[in-house]
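A.B. asks: Below you'll find the structure I mean.
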Amino acid sequence: MTEGFNIQRDEKTDSRHNLTWHMMEINRQKREKQMQQKAFTIWMSGLSGAGKSTIANALEKRLYAMGKKTMLLDGDNVRMGLNSNLGFSDEDRVENIRRIAEVAKLMNDAGLIVITAFISPYRHDRENAKQIIGDGFREVYVSTSIEECEKRDVKGLYKAAREGKIAQFTGITSPYEIPEHADVVVDTAEMDVETCVNHILEQLKSLLRESV
Ligand code: ADP
């Protein structure tokens, strides 16, 4: 671990590593004011095939149509780029989520509303993401059951996992820890995409309306 990067945000220095946090003049508040929006992160979690990417895409389209400045960080896309050196071991999953949270935080600092769509199966990692991102962290649990996800098997991954071809597959051979205090819960077996998006927007409306 590169522990030097674990410094608290409000610390101005990390003398162990000769690091100093520079306070820049164009800060998050100024960027938010210029963009006329409150920056925050919508963190979507749930099993593979639960509907995270589909809802994230539809949600971003709605926010875009509302004139919001957004960025979407999606599981496979990030794993094919920024995190292409990471696998699915416990250690790599932790690092995957840590990097995504740091990127989301940077994008929030740039004034953007960020949507993330990652399985993020471990409560501890989501807590860590919340710590990194801060006040603007909102957790959306896509609660679609394993039975429904496996029935869909969009990418054929459940079949491969059942056949023992994928090690540590979430929901089959690796745990998914259900969020206990999610800000929003949507079950895509019961709600269509539009209903899910409407529900998320309704639950987050105070943040979306917040004047800056
Ligand atoms: P994830 O990103 O969670 O792995 P995906 O969005 O890639 O899931 O896949 C979800 C699948 O479920 C898609 O094929 C999508 O069309 C389907 N689906 C059916 N109903 C819904 C719904 N209400 N919301 C989202 N996806 C749905």
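For all residues, glycine too, the Cβ spot is worked out from N, Cα and C.
So TrEMBL says this about it:
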| type | residues | note |
| --- | --- | --- |
| ACT_SITE | Ser120 | active site, phosphoserine intermediate |
| BINDING | Gly46, Leu47, Ser48, Gly49, Ala50, Gly51, Lys52, Ser53 | ATP binding site |
| DOMAIN | 39-187 | domain 'APS kinase' |
A.B. asks: Between Ser48, Ser53, Ser120, which of the recorded positions has the fewest other CB atoms within 10 angstroms in the structure shown?
C.D. replies: Ser53
A.B. asks: Which recorded positions from the set Leu47, Ala50, Gly51, Lys52, Ser120 have a C-beta atom lying less than 6 Å away from ligand 1?
C.D. replies: Ala50, Gly51, Lys52
A.B. asks: Enumerate the residues of the same chain, Gly46, Leu47, Ser48, Gly49, Ala50, Gly51, Lys52, Ser53 excluded, that satisfy the criterion Cβ within 8 A of the mean position of the Cβ atoms of the recorded ATP site; list them in sequence order.
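C.D. replies: My list of surrounding residues reads Ala117, Ile119, Val142, Thr144, Cys149, Thr188.
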A.B. asks: Write down the Cα-Cα distance for Ser120 (active site, phosphoserine intermediate) and Gly49 (ATP binding site), rounded and given in Å.
C.D. replies: 13
A.B. asks: Sequence gap of 6 or more, C-beta under 8 Å: which same-chain residues meet both conditions with respect to Leu47 (ATP binding site)?
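C.D. replies: Correct list: Ile119, Val142, Thr144, Ile146, Cys149, Thr170, Gly171, Tyr176.
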A.B. asks: Between the binding-site residues Gly46, Gly51, Lys52, which lies closest to the residue listed as 'active site, phosphoserine intermediate', Cα to Cα?
C.D. replies: Gly46
